[in-house]
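What TrEMBL lists as active site is 161. TrEMBL lists 160, 164, 170 with the feature Zn(2+) binding site. Residues or ranges marked as domain 'Peptidase M12A' by TrEMBL: 62-225. Residues or ranges marked as signal peptide by TrEMBL: 1-19.
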């Protein structure tokens with residue numbers, strides 16, 4: 001195992017569509033979401049909460065980057081262990097993201113980049129009752145692990161992990177979150193404090209890539225859910 005200080009670059013780039021998205025399709029929006037010392041496990045992975053960061057995806061500068069899904073198509077492939085019912089649940093959860101957005105969910109045929117949907121019994125994602133996913137579109141197959149009990153009535157958890165695969169971070173952990181929300185720390189359950197910690201901005205050579213995410217979000221159509 002080796003340790004490395006990394007920061008995550010959040011790249012968002014959305015094409016213009018009839019759905020009302022008005023961000024230039026060539027625009028890359030990068031938002032630094034913090035630095036920390038990490039140790040990769042024997043699988044070459046590190047968990048940032050419920051987000052999987054693979055050692056092979058870390059650049060020499062310690063940056064973790066991802067791209068948007070080609071043509072807005074989230075490509076998935078089911079592990080052989082998934083039952084037909086679990087496959088149906090995943091497709092339904094993925095399709096929930098396509099309502100009013102430019103996204104579509106498609107089963108893999110020959111695509112090189114895809115989400116590998118898998119299930120675990122508590123040996124992955126840091127333990128039981130945790131599902132996890134890689135962030136955004138990575139090169140090749142990337143894992144999205146669903147804890148076995150989350151297939152039973154926890155569709156929102158599955159949707160949450162698909163959100164990470166799309167490229168979404170935890171907004172309540174942004175460094176500027178206090179400008180938008182008030183966290184009542186006295187209401188946080190003991191042991192869950194880290195779920196509400198803010199990520200400090202990194203200062204590095206990649207700082208020049210930092211474009212404010214708020215500019216892009218201000219141009220997106222608000223969807224009522």
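Cβ coordinates are placed from backbone N, Cα and C, and glycine is handled just like the others.
Residue 170 (Zn(2+) binding site) sits 11 Å from the residue listed as 'active site', taking the C-alpha atoms as the reference points.
For residue 164 (Zn(2+) binding site), the same-chain residues lying six or more positions away in sequence with a CB closer than 8 A to its CB are 50, 51, 132, 133, 134, 135.
Counting every protein chain shown, the Cβ of residue 170 (Zn(2+) binding site) has 18 other Cβ atoms within 10 Å.
Sequence-distant contacts of residue 160 (Zn(2+) binding site), defined as residues of its own chain at least six apart whose C-beta falls under 8 angstroms from its C-beta, comprise 50, 131. Note: the residue listed as 'active site' has non-local neighbours 50, 131, 132, 133, 144, 145, 146, i.e. same-chain residues 6+ apart with C-beta under 8 A of its own C-beta. Across the domain 'Peptidase M12A' (62-225), mean pLDDT in this model comes to 82.
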